[in-house]
Amino acid sequence: MPKYRSFTTTHGRNMSGARSLWRATGMTDEDFKKPIIAIVNSFSQFVPGHIHLQEVGKIISKEIKKYGGVPKEFNTIAIDDGIAMGHSGMLYSLPSRELIADSIEYVINAHCVDSMICVSNCDKITPAMFMASLRLNIPSVFVSGGPMEAGKIKTKDKTKKIDLVDAIIHGGDSNKSDDFIREIELSACPTCGSCSGMFTANSMNCLIEAIGLSLPGNGTLLATHIDRKKLFKKSARNIVKITKDYYLNNNKNVLPRNIANKESFENAMALDIAMGGSTNTILHLLAAAYEGKVDFKMSDINNLSKKIPHICKVAPSTNLYHVEDVHRAGGVMRILGELNRSNLLNKKTENILGLNLEKTLKKYDILSTKNKNVIKMFHAGPGGNRTIKPFSQNYRWNKLDKDRVNGCIRSHENAYSKNGGLSVLYGNLAKNGCIIKTASIDKKHYIFSGPAKVYESQEEAVSAILSGKIIAGDVIVIRYEGPKGGPGMQEMLYPTTYLKSINLDKQCALITDGRFSGGTSGLSIGHISPEAANKGIIALVENGDDIQINIVNKTIHLNITEKELNLRIIKENAKGLKAYKPLNRKRNISFALRAYAHFALSADKGAIRNKKKLFNF
C-alpha cells in the first residue's frame, strides 16, 4: 500500500478520533486507502472572475472521485481589484496575496493533504496559490475560471470592442454624457470571467500555463465556453494521475519546484515580455521565485527584456484585440511557438503532462499541430450574450488567426517592436530598478524629460489631475505608495486613466513606488525600488526637479548634482522619526495593514516579507 501523506491522519490506532471526524465528512474505509486531494477554490460572489467557481468545484470534485482520489474542497478569500480600486480598499489587495498563501499552507498542512488543484482566476489569487504550491511542494495543478468575453457597443458604422478600462476612462471624461457612460457601463463587463484584456489576472494565468503547472489553453479559453468544462475535467484527472505518480512511483518530476525551475520562470517571463503583459506579473514572479528557492531576480528580467521581441498586442495596449482574440490566434502555445522558432526559449522544461516544452509545442502550437481536438479548442470564441453562467455557449470562429505578418500574434521578423512589451529601468531614482510597460508607448516617447510634480498619495495626484493642475510635459511623482509606505502598494489605474480621459496620457509621465493595474497604458513607471518609505531617492524629489526617462538606454534619472542629493539626504535624516514618511497625509491604517507594512520589502524583492524581522526559530 502506498504511503500517502494523508496516512498521518487516516491510519493507525491513535488516529481513531481523526478517522471518526473524516467519516463525518463522508469518507469510508475505502477512501482511507486513497489520496486526499484538496480543491483549493476561490469562489466568491464579489468577483466576476470567481462568481462561477462554485459550479467548477463540483465538476472537479466529481471527476477526482471518479478517477480514484478523495476530493476535499475549501475556499480562500478573493478581492476584486477593480471594485477595490480608487479608494482605501486598494490598500488591502496586495497584502491579501500573503494572506491567501498562508491560509492555503495552514489548511494543507493541518490536514496532511496529499496534493491540490488550485481553482483561481483574478489578480492576487493566482499568484498566492502559485506561491503556496512552491512553498508546500506537493503535487499541484492549476486551472483558472477563464477570461471574460470582451464587451461590445455599436457605433454609427461598426461594432467596437470595449472592456473595464473603457468604463473608467469615459467615467472621468466630463465631456461624455451620462447616457453614454451608462451604455459603456452596461456593456464593458458582459460575462463571468477575468476582465477581457491582458490585465493582471489573464497575464498571470497565461504565465502559469507557460511555466507548466496548468494545461494548454488554460490562460485564454473563455469562461463561458463549453470547452472550458472539458478543461476542468482534464485538470481533475491530471491531478489524480500526478498524485499517484509521485506517491506510488516516487516521480519527483511532477512536484511544483521541479516544474517551476529557473528555466521555466525565464520562459514565462519571455512570454510576458512578448505579449506586453501586466507589470504586476513581475512582482508576483519574484515573490513566487522566493517561495520556490528559485534564483530568479530583477536582473534576469532585465536581460530577457533586451532580447525578447513584442509579438502579441492585446488590450489595453490596443483596442483591436482582447484575450478571446489571442485564443483564436493560438493562445499561449502559439506565442511560445513563435519565440521557440527564434530559439528564445528553453525547450527542455517539463509540465504537468509529463512533456517537455518542445513536445508540448509540437502538439499544441496551431502552426505545427495536426491534432484535430487542439485545433477545435482554439476555434472556441465568444457567444456574445450577457451571462454569468459558465460553459453556456459553444460558438466557434470560422477560421483561426494564423497571420504572422499583420495578425494578433506575429513572427519575430514582423514583431510590433524588436523591444519587448515590458522593460526594467535603472538609475539614481531607482537603484534597484523599476518597471514600465512599453507595449502601449509610441517610440517617439521613449526619451522623455520634464519637471516633477510631487504628490504624497494617489488621492492627492488624482485631485490635481481632475482640477487641471497637470500640463503637458509634466512628470507626475506619486510616492509613499509602495508595499511599506502605502501600505499595500496601491494600483494607480485611476490617475493614468484620468490622464487618458483628458488626452494627457501621451504628453505626461507618471512615476511611482506604487504599482499599476494591468489595464494601465501610457508612460507609466512603477515599482520604483527602493520605495520612499525604505529610504529610496524618490522620497527626495522636489517640485520642479528635472526627471529624465530613457527607455532606449533603460535609465531613469533625477537630474540634480551629487552634492545637492547628499544635502537632501542629510535634511531628510534630520527629521528623526518623521523621516521618510508622507507629510500631512490623512489615511486610516488598520492594525492588519500595519502588520503587513512592518514586514514588507520593496517591489524589486516581490514585496515579500522581510525574514530578518521574523523571530529566529
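Here the Cβ of each residue, glycine as well, is placed from N, Cα and C on the backbone.
As the structure is a computational prediction, the values presented were derived from the model and not from experiment.
Record check: Swiss-Prot places Asp81, Asp123, Lys124 at the Mg(2+) site, and the matching candidate among Glu459, Glu460, Glu481, Glu491 is Glu491. Sitting within 8 Å of the Cβ centre of Asp81, Asp123, Lys124, Glu491, and not among those site residues for Mg(2+), are the Cβ atoms of Ile79, Ala84, Met85, Met90, Ser93, Leu94, Cys122, Thr200, Ala201, Asn280, Ser517. According to DSSP, Cys122 ([2Fe-2S] cluster binding site) is assigned to coil rather than to any helix or strand.
Taking the C-alpha atom of Ser517 (active site, proton acceptor) as reference, the shortest distance to any of the binding-site residues Asp81, Cys122, Cys195 belongs to Asp81.
Look at Glu491 (Mg(2+) binding site): DSSP puts it in a strand. A helical conformation is recorded for Asp81 (Mg(2+) binding site) in the three-state DSSP classification.
Counting only residues at least six positions away in the same chain, the Cβ atoms of Ile79, Asp81, Ser93, Phe199, Thr200, Ala201, Met204, Asn280, Gly518 sit under 8 Å from the Cβ of Asp123 (Mg(2+) binding site).
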